[in-house]
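Comments concern the structure below.
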Amino acid sequence: MTDSDDIVSRFLSGQDASGDAPARPAPTHPRCGFVALVGAPNAGKSTLLNALVGSKISIVSPKVQTTRSRVLGIGMAGDSQILYVDTPGIFTPKKRLERAMVAAAWQGATDADQVAVLFDAAQKRIDDDTRGIVEKLKEAGRKAVLVLNKIDLIKRERLLALAAEFAEYDVFTETFMVSALTGDGLEGLLKFFASSVPEGPWLYPPDQLSDMPERLLAAEITREKLFLQLHQEVPYATSVETETWEEFENGSVRIGQVIYVQRDTQKAIILGKGGARIKQISTAARVEMAEFLGRPVHLMLFVKLRENWAEERDQYEPWGLDYNA
Ligand SMILES: Nc1nc2c(ncn2[C@@H]2O[C@H](COP(=O)(O)OP(=O)(O)OP(=O)(O)O)[C@@H](O)[C@H]2O)c(=O)[nH]1
Ligand SMILES: [Mg+2]
């Protein structure tokens, strides 16, 4: 970890960059383990990870397939260090990037000590993607925890009926009903994870919040703004890369990023009339970057045509995605 990564973790954990936060006493019976959050696209996995960690680590949008890679969020609860693994939504993939995303999600589940399946309980019925996930876990003889999310949107009777329907699979050892958005029910879920991760030493310093390098975090922030501000196929045709990172003596940082698009028409949409759209995207991204870095940020965004970025290997490796999945 570099010094600047360290600043990110301290800032996100609410400590100041001088590092004089009260030291956490050494645990007498440390526990540490991985909890994978899996589910259909848009179930609220990233929202839940952020809520459980208490900081924004993973990007969130109302659109499906926002998360493209595994994202680690480190949560502390008493003597337990819980390593939450946010994963891309699991669906039937068609393109190379989609296959890599779904493979990353299953890998996250396979490697974890505990698997939590999230379901958007606001849906009328159990969707095919979720059904497929539960059936695959059952086939593999894997037990999991069911998290019925978005309970702020539905009535309790409906929840009980859903829980009963899921119980028939005989995969779930526990069922939790939560709202990742309002925080309802999260305390019980957190306590459960804290007590269920195996005994063992912590793998990360307790004030660290993620293992994601700053450059990737910064790219994700811009990608989130693209997902929030663009429509139809456009956000899915984009990829963001942090190209330059210059730190100045006055404490500010200049970040240069490229937004790759697959067609000229998409480039025109992202730029907007007189550059209005890119300006909005850039402002929103810069504000959030400055907040997580705890210092002024100058952000320079360039939009470049790269028709085949989704077929290029260097778009996969930095994100831990398997090009050949
Ligand atoms: N009302 C309500 N909305 C929620 C809740 N949790 C998440 N959402 C919303 O659901 C949408 C999707 O949330 P994400 O956290 O991005 O979902 P995800 O499962 O990570 O989605 P992918 O990364 O695309 O697979 C966002 O608009 C969230 O604000 C909840 O408990 N209640
Ligand atoms: Mg997500």
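Glycine is treated like the rest: Cβ placed from N, Cα and C.
Caution: TrEMBL annotation is automatic and unverified by curators.
For Thr87 (GTP binding site), the same-chain residues 6+ apart in sequence whose C-beta sits under 8 angstroms from its C-beta are Ala36, Leu37, Val38, Lys45, Thr67, Arg70, Val71, Ala104, Ala105, Gly108, Ala109. Residues or ranges marked as GTP binding site in TrEMBL: 39-46, 86-90, 149-152.
Note on the region 'G1' (39-46): its mean pLDDT in the predicted model is 98. Residues annotated as region 'G1' in TrEMBL: 39-46.
Residues or ranges marked as region 'G2' in TrEMBL: 65-69. Sequence-distant neighbours of the region 'G2' (65-69) (same chain, 6+ residues past either end, Cβ-Cβ under 8 Å): 41-42, 45-46, 58-59, 86-89, 91, 97-98, 101, 104, 224, 227, 236, 319-321.
The region 'G3' annotation in TrEMBL covers 86-89.
Marked as region 'G4' by TrEMBL: 149-152. Residues 43-44, 48, 118-122, 159, 177-182, 184-185 of the same chain lie 6 or more positions beyond the ends of the region 'G4' (149-152) yet place their CB under 8 Å from a CB of it.
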Response to the item:
Under 8 Å Cβ-Cβ from the region 'G3' (86-89), and at least six residues away from its ends along the same chain, one finds 36-43, 45-46, 49, 57-58, 64-65, 67-73, 101-102, 104-105, 108-109, 129
Worksheet item: Who are the chain neighbours of the region 'G1' (39-46) in space, where the CB to CB distance is under 8 Å and they lie at least 6 residues beyond its ends?
Response: 58-60, 62-67, 71, 86-91, 117-120, 127, 129-130, 133, 149-150, 180-181
Worksheet item: Which residue counts does DSSP give the region 'G2' (65-69) for helix, strand and coil?
Response: 0 helix, 0 strand, 5 coil
Fill in: Helix-strand-coil residue split for the region 'G4' (149-152), DSSP-based
2 helix, 1 strand, 1 coil
Worksheet entry | Number of other Cβ atoms within 10 Å of the Cβ of Asn42 (GTP binding site) across all protein chains | 22
Practice prompt. For Gly39 (GTP binding site), just count the other CB atoms lying within 10 A of its CB, please.
Written response: 24
Response to the item:
The answer for which binding-site residues (Thr87, Ile90, Ile151) have a CB under 6 A from ligand 1 is none
